[in-house]
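Chemist: Take a look at the following structure, please.
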Amino acid sequence: MAAGRPEAQDHPPENGFTPLEHPTPRLLPHIDGSVLPSLGGFGKHQKQLVVLTWIPALFIGFSQFSDYFLLAQPNGTCVQPLANDSNWTVSSSLVTATSGAPALQLKGNGTGEGHGDDSALLCACKEWKLELQTGLSQNVVTKWNLVCDSAWKVHIAKFSLLVGSIFGYLVMGVMADWFGRHPVLILSVLFMLVFGLSVAFSVNVTMFSTLRFFEGFCLAGLALSLYVLRIELCLPGWRFSMTMVASFLMVGGQLLMPGVAALCRNWPNRDDWQVLQIVIISPFVLMLPYVWIFPESLRWLLATQHYRRSKAMMLRLKVCVSCFLPELEQELHKKPQRTCIVKMMSTRNLWKNIVVLCVNSLTGYGIHHCFARSMMDPEAQPTALCHADYYTMAGIAVATCLALCPAVGLMGRRGGLLTFMIITALASLLQLGLLNLIGKYMCLPCLALFWTVLRDTLNRKFSVAFSIIGMFSSHAVSILSIFFCAEITPTVIRGGGLGLVLASAGFGMLTAPIMELHNQKGYFLHHVIFACCTLLCIICLLLLPEPRGQPLPESLADGETFTRQTLLHPGEQHLLLAKSDRDYSRVHDTPLHLSATDKGIES
């Protein structure tokens with residue numbers, strides 16, 4: 001695309017943008033259409049920077065899934081009970097996908113199994129012998145005996161990382177819009193090393209939970225800044241594929257985490273969980289050179305009118321920028337302009353799109369926990385249960401990433417998101433009511449007897465099948481909602497908009513430890529509410545635009561004109577928007593009495 005062509009040729013109406021702010025032809029605001037192609041497009045320099053955003057994705061995967069091992073529930077044996085001299089064995093029965101605090105079961109010496117009164121008897125113990133089955137020989141739970149009356153502290157430790165991430169997404173997103181992506185990235189790395197390594201030297205569970213909050217805060221800033229930088233470095237045709245590579249690396253961290261935990265087992269002169277925490281945080285040291293080798297986002301600099309820094313960066317690339325230099329020289333006197341995410345409330349379409357995607361990410365991650373819990377086998381042994389479910393979830397995540405690539409390529413962002421949301425809703429509704437509906441209409445005595453015999457078996461088989469399908473589709477919904485938001489949010493508020501969607505996803509993840517804290521009470525209602533939310537999301541998704549192949553919006557005006565296309569005539573809406581530039585100076589207001597006279601003549 002030639003840099004000297006007029007704006008109407010560089011950006012036809014089909015691109016979805018209308019020059020509302022600057023009627024004269026300009027090149028600098030059109031980064032995907034003019035600036036990046038003239039700087040080499042998605043060339044060697046941009047590809048090297050994208051690779052640098054991939055490397056930390058593996059380390060982020062380690063940190064996000066560390067709770068499965070640091071806070072895993074052990075099997076416990078009461079060595080010195082209060083009531084008598086017999087030994088009791090406690091088997092942890094995992095009931096969630098997040099290694100939640102289990103409902104303790106009483107076994108041995110003919111006492112049977114149970115809850116309620118048995119739990120009070122079970123916890124009447126002076127000394128416990130706790131054994132882990134998740135790769136480590138000791139973790140936070142065994143270190144400070146967080147069982148029975150102290151089990152609630154495990155939930156607080158899980159809350160701390162997630163709540164810290166939620167606040168981190170919100171705060172760091174606004175900071176990325178105000179001060180740039182690069183400062184947020186470097187600050188997040190520095191404080192991630194400080195707080196992450198400090199966690200390994202916690203002296204009690206209170207210190208552990210507090211430091212984990214700040215670790216989650218910094219982890220959120222790191223993940224958000226890398227995501228935004230990766231999106232803003234790519235041209236439209238490369239955005240999704242480059243993002244999916246990072247998603248594969250994060251899933252790779254999830255798959256490798258059990259092996260890393262096994263390598264840290266039985267470490268001499270140090271607790272296993274401390275070694276594991278140090279091992280998963282230390283690789284972030286490799287990101288310290290990013291201070292010098294990773295530049296600020298050129299897209300953000302141009303969108304926020306940091307023209308002096310933009311000029312220096314273009315000249316540093318050593319490419320021909322003669323077409324931009326005259327315009328840059330004319331704009332150097334302008335002061336940088338910062339935009340807060342709050343300004344999206346003054347828009348007509350943009351805030352609706354972001355709210356829809358926030359609800360989608362919340363629903364996707366929230367209902368994912370419902371499917372994960374339904375998939376668990378309550379009769380399996382704790383050791384096999386933990387490893388089988390963990391690798392099943394990792395395998396589903398890999399399958400989701402593999403399926404997203406061709407699905408989005410064929411159906412687009414909106415079509416793929418709508419398809420996976422429909423699958424999620426169907427899986428949820430079928431799991432909640434299909435078998436009961438079939439049993440209700442089994443009227444014949446022979447069929448009723450046959451159904452009674454097979455009901456439990458069919459219930460379990462169908463529940464597992466629908467759970468796997470639901471986990472697959474809900475994970476796809478979550479990934480696409482976050483990516484969708486990054487594409488339709490303007491550059492000037494992209495950090496804040498993406499932070500809102502990621503924070504909503506964090507609230508969805510938070511439902512898992514909340515349900516565990518209440519011992520899964522109200523789980524069915526929880527599932528019903530999220531199933532209803534999926535139906536609402538299906539309707540709202542039809543309001544979203546299709547960003548595939550479109551340039552990223554840079555200003556609020558660009559984001560506001562980036563609207564949904566009609567289903568029958570995709571180009572009609574943009575043609576109408578393009579016609580708004582016509583000269584209507586010859587059109588005069590018609591007096592009211594003349595208009596009434598004309599109507600009388602016609603009649």
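Cβ coordinates are placed from backbone N, Cα and C, and glycine is handled just like the others.
On a predicted model such as this, the values are computed, not experimentally measured, just so you know.
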Chemist: What range among 418-437, 438-457, 498-517 does TrEMBL describe as transmembrane segment?
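Modeler: TrEMBL lists transmembrane segment for residues 498-517.
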Chemist: Considering only Cβ pairs under 8 Å, which range in 159-179, 185-205, 217-238, 244-263, 388-410 makes the most contacts with the transmembrane segment (462-486)?
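Modeler: Comparing 159-179, 185-205, 217-238, 244-263, 388-410 against the transmembrane segment (462-486), the winner is 388-410.
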Chemist: For the transmembrane segment (275-293) and the transmembrane segment (185-205), decide whether they are in contact, meaning at least 3 CB pairs lie under 8 A, counting pairs 6 or more apart in sequence.
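Modeler: Yes, these stretches are in contact.
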Chemist: Are the transmembrane segment (523-544) and the transmembrane segment (217-238) close enough that 3 or more Cβ pairs fall under 8 Å, when only pairs 6 or more apart in sequence count?
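Modeler: Touching, no - the transmembrane segment (217-238) and the transmembrane segment (523-544) miss the threshold of 3 or more Cβ pairs under 8 Å.
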Chemist: Could you check if the transmembrane segment (388-410) is in contact with the transmembrane segment (185-205), meaning 3+ Cβ pairs under 8 Å among residue pairs at least 6 apart in sequence?
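Modeler: The transmembrane segment (185-205) and the transmembrane segment (388-410): touching, no.
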Chemist: By Cβ distance under 8 Å, which residues at least 6 away from the ends of the transmembrane segment (159-179) in the same chain are close to it?
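Modeler: Same-chain contacts beyond the flanks: 67, 188, 209-210, 212-221, 224-225, 228, 338-341, 492-500, 502-503, 506-507, 509-510, 513.
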Chemist: Determine whether the transmembrane segment (523-544) and the transmembrane segment (185-205) share at least three Cβ pairs under 8 Å, counting only pairs 6 or more apart in sequence.
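Modeler: In this chain the transmembrane segment (523-544) does not contact the transmembrane segment (185-205) - fewer than 3 Cβ pairs sit under 8 Å.
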